[in-house]
Amino acid sequence: MAEGNLENCKNGSSKPTVTPYEEALDALSSLTAKRSRADESNKGDRFDLLFDYLKILELEEAISEMKIIHVAGTKGKGSTCTFTESILRNCGFHTGLFTSPHLIDVRERFRLDGMDICEEKFLAYFWWCFDRLKEKATEDIPMPTYFRILPLLAFKIFAAEQVDVAILEVGLGGKFDATNVVQKPIVCGISSLGYDHMEILGNTLAQIAGEKAGIFKDGIPAFTVPQPDEAMNVLVEKASTLNVTLKVAESLDAKLLNGLKLGLEGEHQYLNAGLAIALSSTWLQRTGHHELTYLEQASPLPEQFIKGLTTASLQGRAQKVPDHYINAERYGDLVFYLDGAHSPESMEMCARWFSLAIKEDSQKKAFNHPPLNNSGSTIELAQGNPQERDGKISMQILVFNCMSVRDPQLLLPRLMKACANHGVYFKKALFVPNTSVYNKVGSDALPTDSQVDLSWQLALQRVWENLIQSDKGGEAKHADAVCEEGKDDTKMGGSTCENSTVFPSLPLAIKWLRESVQQNQSVRYQVLVTGSLHLVGDVLRLVKM
């Protein structure tokens, strides 16, 4: 396979046949660990083996020469990396971005100059790595697991494509993440910290912060955002022991964007944008590009920074997607609001974004083309009920799933309360299993067994129903008492309660939503999909088909 730059992929060129790509995805799927990432018996997942893999792939020297930005965190690290890549690309640099997870296609994890790597390049670099690792595999150095080979592949891609800057998002934790084979990055970043992956990273913020700070390297500057004291104290302590200059990046002042909006929606993105500005500026300064850097909040943002921040895009984070299945005359009557929030803190941010977004969208629908002020932004209309003037009622529906290692008793109450604080109440909650098969990477992987285990979804439903009952002021009734298994509208089993339904599959839930829209001409459905990036990806795949 090709060592250096491959021919550029041509936009609009016919896609290669599915077979070679599916073959690569099958090979990649074969590396998926059958045990949890927290299980030490996964020998191919041992951190020390990564250095053996780098030798096999002859990547040690290439990585040492890469100009890397390394970012860890609980919330916002993907957004921070996306903003950073967009800024530096708009400054004229050849960029490589590695993020996780992917939503629809594994190639989303590897971006060159802001675009997913094309199939031709993916196939060439994947087989180059896979074949060499397989050839050298032994009992002591087995094939790397799925979560290890992807970062190795990213290093190969970025080295062969000779990127000017590689932006790496940590997959999980920091200290033992596969991206942490990097010894001398240009700058490191830690986004907002919170409780997630506690079965691996620890049960306290201090323990989690210690794992994330594992990416700090001796003498390499680092930035973070305001953190809870428990977490910040650990970051400061770890930094001091490694002679790391740790600074707290300020949230971006919206006025610096000259009336434009960030490319990623949500107020919390101004915090991530501030961190991205600090990382980009430091990278520019430390690589000798002083003419482009920005280090003072008081001065105007360079034009390249503004363009990078306002054109950045990332699927599955505060993303709105109208359902194209609906007839043209009903366009906009079924809109999916997608956000992969899966921690208590991000649930609150997601709820705030959703609440503000649906009010803004209802207003646009009601007044068609609202008047503009001199700056070109919409004038806020303080009077009138958009829902009444439009002649349609807006109904909010929740589609939810989360991993069983997460606590719905922490996630769902935060979501419900934050929405209620903005006057938003869900008419119905739909709980579904993820379509994605865990050990199958291919985008067409669908469960074939109609007898799906719905015990987790039923547990989520009970939590939701009890929350609703408690919110009504009465004692929480045991949800089973008001639920009917296999009620007609689920068609294939499941469970329908007063305020929620469990569907055996996501396609059935989408079908139910589409039929509801057709049957209720006076209702506009605003559907929040959250709790899991995998679920968000599954919905995107179905809605965009």
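The backbone N, Cα and C atoms fix where each Cβ goes, and this holds for glycine too.
Heads up, TrEMBL stuff is auto-annotated, nobody curated it.
According to TrEMBL, the features are:
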- SER100, GLU169, HIS197: Mg(2+) binding site (BINDING)
- ARG317, ASP339: ATP binding site (BINDING)
Requested in this report: List the Cα distance (Å, whole number) between SER100 (Mg(2+) binding site) and ASP339 (ATP binding site).
Outcome: 15
Query raised in the report: Just counting, how many other CB atoms are there within 10 A of the CB of ARG317 (ATP binding site)?
Result: 25
Report summary line: Around the Cβ of SER100 (Mg(2+) binding site), other Cβ atoms within 10 Å, all chains included, total 20
Query - Neighbourhood of GLU169 (Mg(2+) binding site), C-beta criterion under 8 angstroms, separation at least six - result: VAL71, LYS77, GLY78, CYS81, LEU97, PHE98, THR99, SER100, THR179
Query raised in the report: Using a Cβ-Cβ cut-off under 8 angstroms and a sequence gap of six or more, which residues of the chain neighbour ASP339 (ATP binding site)?
Result: GLY316, ARG317, ALA318, GLN319, SER346, CYS350, TRP353, PHE354, LEU528, VAL529, THR530, VAL536
